[in-house]
Amino acid sequence: MVENISLNVTVKSSARKNQQQSPALSVKKRAQKSQDFDFQFNVDKPKVKAIVVRRRAPPSKVEPTNSSVPNTTKSPTPSVSSSKSAISTLSASPKANASNDDLMFNVSPTKPPVKSVLGDDFMLNVTTKPVVAQKAKPKITRAERLGKKQRQGKPLTKLSEEQITRALKSNKKPKNPNQLPTPGDLFRAQLEEERRQKRREEGGGDQEASADEEDAKNNSGGGSPRVKPSSAVKESKKSSDIEDSGESGEESATSDEEPDESSAQSPGQEKEPKQTAKKPPKAEETSSTNRFRTKKIGLFDQSDVEALKQLGQRAVKPVKETIFTGSKISTLGLHPHAVKNLEDLLSIRELTSVQQKTIPEVLQGKDVLVRSQTGSGKTLAYALPLVELLQKQQPRIQRKDGVLALVIVPTRELVMQTYELIQKLVKPYTWIVPGSLLGGESRKSEKARLRKGINILIGTPGRLVDHLLHTASFKLTKLQFLILDEADRLLELGYERDVKQLVEAIDKQRAECEDKELPQLQRMLLSATLTSQVQQLAGLTLKNPLYIDNSDEAASAALKSKDGYQKETIEALLEVDDGLGEYQEDVTGVLSIPENLQLSYVVVPPKLRLVALSSLLAKEVDASPKQFKAIVFMSTTEMVNFHHDMLNEALTRRVLDEEDEQEKGDSDDDGDIPLLQGLRFFKLHGSMTQTERQGVFRGFRDCASCVLLATDVVGRGIDVPDIKLVVQYTPPQTTADFVHRVGRTARAGRKGRAVLFLTPSEAQFVRHLEKKRIRIQQGDMYAYLQTLLPKDDEARTVQEAASNLQHKFQTLLEDDRELHDKSCKAFVSWMKFYSTFPKELKPIFNVRIAHMGHFAKSFALKEAPSKFAAKHAAPKAAPPTNRLTYTERDPEKIQAQKRAKRRFTTTVSGEVRQLQQRDVGAQKPGAPPPKGGFIGGGVGRSSFMKSLGKSRALNMSEFDSGLPPEGAAKRRKQA
């Protein structure tokens with residue numbers, strides 16, 4: 001028979017819009033609630049918890065109960081398809097199904113399905129799996145996230161200023177590669193300590209307690225936060241924006257003009273009654289309550305954060321050279337006078353390593369090629385055996401023998417230094433005459449000395465070639481010694497042509513000499529770096545030389561395998577490929593630094609370079625005020641001129657000219673103490689006259705506390721005692737230049753320091769030095785800037801002191817038009833220098849990456865470079881030419897030119913008189929003589945020609961004297 005089936009479904013009606021909706025359950029609560037059976041019937045996503053199907057009696061329309069169903073056998077389980085169709089029917093139209101009499105819905109509280117004890121025919125239970133809560137993603141730190149991106153090769157996101165500030169304020173500091181606190185941490189701690197100290201001095205204990213309470217209140221979230229020292233970065237950023245819009249250089253308002261920060265309230269906080277307090281006097285107010293008296297010039301911004309980065313130091317094994325060996329001079333077998341002279345005049349009793357290796361070989365007459373580090377005594381290594389061999393010759397040499405030893409050096413200062421050393425060495429031997437020839441001196445006096453005779457001649461290549469072509473008494477026939485000192489610098493300065501011409505002239509004169517018993521010519525070449533061009537020069541000048549390397553390890557072990565060089569013998573070295581002909585680095589890879597030299601570099605933002613240099617010098621002067629010598633290397637002549645004038649006027653107030661002397665009394669800063677009081681600045685570069693260069697060089701050696709601003713003209717061979725610091729304000733273009741620059745200090749076993757200035761974009765130059773086995777440490781810029789704070793009464797922080805000093809530089813530049821022009825020229829010359837780095841360093845020193853506006857600020861300029869660069873970028877005028885630049889170098893053609901010029905000389909010679917008589921004879925009879933009275937114009941009877949008849953010679957200076965013309969010459973009485 002057909003039985004009616006009753007389906008009891010428990011549903012949960014959906015909430016309507018007008019009804020109040022129940023709050024949504026969390027994932028965790030929903031997971032707990034899924035243990036009970038619930039039927040949620042939503043239109044969007046129905047969730048079936050339980051379906052119970054029961055059989056009931058057919059005729060009655062009463063609500064079925066469990067008792068009306070007889071307890072029979074187990075009901076058969078319906079098919080899955082029938083259950084699915086029932087569910088789909090219910091979900092499609094639940095209201096239609098509810099109106100059916102056969103199916104009735106009992107909405108009751110949720111209960112778990114229980115099997116009927118009365119025995120139902122069948123029962124269908126459909127359940128769903130409980131909802132499992134999703135696991136939250138594990139949180140990772142920012143460093144792990146960036147590291148994961150870096151491993152996957154994804155681009156790193158750029159941090160905002162708020163993120164950087166939050167990272168700096170957080171307690172989790174990144175680990176330093178050197179396991180040392182970062183400069184930024186030390187700087188912030190120092191600023192916090194200074195703030196507390198200032199507050200303690202100004203307000204006493206009560207104010208300090210109230211300030212601490214306010215700090216605690218701010219930390220808990222009430223009120224506005226107090227201004228912290230780290231906010232100076234944001235203040236300076238705002239000032240940089242003001243400066244870019246053309247309003248830089250203006251002073252910021254004092255604290256009375258600023259709004260009271262403690263009065264600011266949070267949005268939900270009630271406004272407290274304003275407390276009135278007694279105002280201090282005006283003088284007290286300006287001294288104690290002025291919080292930010294900073295000239296807003298925009299020095300500290302995002303680049304300052306970049307400068308705080310620690311680059312770290314790699315493990316580098318430097319090339320070591322032993323300077324002193326412990327052997328005495330008496331062991332060389334020299335003349336007793338020479339040994340005593342060295343002890344008395346030079347205080348030298350012990351030999352250096354290069355001297356011990358070189359002097360015995362030179363005494364045996366061998367050609368040598370010497371490579372040794374700067375300051376190891378190379379000059380004495382060839383000068384001492386040179387004098388010893390000359391004084392041994394019998395019969396004694398005489399002055400009239402001429403030049404027996406020729407020493408070629410690259411610079412005039414090195415000529416003076418070498419000449420003074422040889423003068424001391426030949427003091428016991430009065431018959432040996434040394435002399436020097438260098439550019440800038442009078443040729444006439446040099447010709448006279450050459451005619452008298454010079455036995456040991458020291459000179460620069462240009463002046464030596466000049467006398468070789470134009471001085472008949474300069475003969476090199478009897479030359480016995482040819483020495484080339486600082487050979488690599490000779491080639492860098494463009495003297496290769498002159499050196500080659502000198503060597504060819506020596507060989508030609510010796511070949512043409514009739515005396516067949518000429519002494520053998522001994523040749524020596526010395527350098528601190530062995531470049532490929534030095535090898536080529538050695539091939540031209542040396543004959544079977546002996547290579548002497550002073551490094552502790554063999555130079556062949558340091559050769560680069562990829563270049564294919566094997567330097568087992570000097571012959572293989574000279575037959576090297578021309579592949580590195582223009583490569584100026586040391587091909588042996590041996591770049592040795594003295595062990596007592598402490599190398600460091602400082603990463604300085606471009607806008608802080610001038611201030612950082614001033615603070616560095618101030619710190620060193622404070623450490624040793626009575627005895628301090630330093631050399632600051634710069635790239636161009638214009639930079640040296642500008643920084644010399646700027647630092648003198650701004651930091652020492654030294655009178656430079658008459659106008660400064662007149663304005664000295666009108667200055668408003670007479671009460672202030674200069675930052676570098678007592679320090680003297682010198683400048684030295686190649687464009688100065690010889691008289692100026694000699695005076696500067698001697699003044700720098702004799703001065704106790706001074707700084708020399710110079711180009712690379714003093715980078716080679718200059719030996720000035722007691723130089724404590726070398727600053728490379730602009731980076732060198734080659735590693736060899738770096739080695740020679742830092743070699744001006746820590747000479748002959750003394751101690752010294754060298755500091756290299758780099759910008760954040762140039763920091764990878766350190767890795768380039770480390771590849772060359774040069775160990776260098778990173779210095780702290782803020783350690784130098786802190787020196788400015790005690791010397792600035794208006795500044796409260798280091799940033800304020802640095803900004804005030806920069807403002808002082810800019811104000812001085814605005815008031816002095818001449819100094820402003822020098823600054824513009826210096827900046828343009830620096831731009832040209834920066835674009836000429838070699839190919840291998842172009843990625844590090846890239847002119848396209850450099851921010852020219854920031855670099856212009858290091859020259860105290862406020863204008864954009866585009867406004868003045870075109871004006872000062874015009875090509876320079878041609879330098880004054882000498883006889884080597886515009887005359888013929890062939891001696892025969894030179895003599896022909898001299899004979900042609902005699903016709904136009906002011907000396908009254910026979911040719912001139914014949915020319916005058918011919919011109920007078922060619923004049924028409926009766927015609928008046930032309931005005932002017934010039935030679936060759938047919939004016940034989942003019943006053944000028946009559947004056948020539950009385951004088952045998954006239955100098956051109958007599959015509960340019962500016963004196964009034966003399967009266968007409970008196971006529972002679974006729975007999």
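Just so it is clear, glycine is given a Cβ too, placed from its N, Cα and C backbone atoms.
Feature annotations, courtesy of Swiss-Prot:
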type	residues	note
COMPBIAS	1-24	compositional bias 'Polar residues'
REGION	1-38	region 'Disordered'
REGION	50-104	region 'Disordered'
MOD_RES	S75	phosphoserine
MOD_RES	S99	phosphoserine
REGION	127-295	region 'Disordered'
COMPBIAS	190-203	compositional bias 'Basic and acidic residues'
MOD_RES	S210	phosphoserine
MOD_RES	S220	phosphoserine
MOD_RES	S224	phosphoserine
COMPBIAS	242-261	compositional bias 'Acidic residues'
COMPBIAS	269-285	compositional bias 'Basic and acidic residues'
MOTIF	327-356	motif 'Q motif'
DOMAIN	359-548	domain 'Helicase ATP-binding'
BINDING	S372, Q373, T374, G375, S376, G377, K378, T379	ATP binding site
DOMAIN	616-789	domain 'Helicase C-terminal'
MOD_RES	S667	phosphoserine
REGION	915-942	region 'Disordered'
REGION	955-975	region 'Disordered'
For the domain 'Helicase C-terminal' (616-789), report the average pLDDT of the model, please.
86
Give the three-state DSSP assignment (helix, strand or coil) for G375 (ATP binding site).
coil
Mind checking which residues of the chain, 6+ beyond the ends of the motif 'Q motif' (327-356), have their Cβ under 8 Å from one of its Cβ atoms?
321, 363, 370, 372, 376-378, 380-381, 384, 387-388, 391-392, 424-425, 427-429, 548, 550, 748
Can you tell which of the binding-site residues (S376, T379) has the fewest other C-beta atoms within 10 angstroms of its C-beta?
T379
Same chain, not part of S372, Q373, T374, G375, S376, G377, K378, T379: whose C-beta falls within 8 angstroms of the C-beta centre of the ATP site? Give them in sequence order.
T352, V354, A381, A528, N550, G743, R747
Sort out the sequence-distant neighbours of K378 (ATP binding site) for me: same chain, 6+ apart, CB within less than 8 Å of its CB, listed by position.
V354, T358, V370, S372, D485, L526, A528
Those residues of the chain, 6+ apart, with a Cβ under 8 Å from that of G375 (ATP binding site):
P594, D719, G743, A746, R747, A748
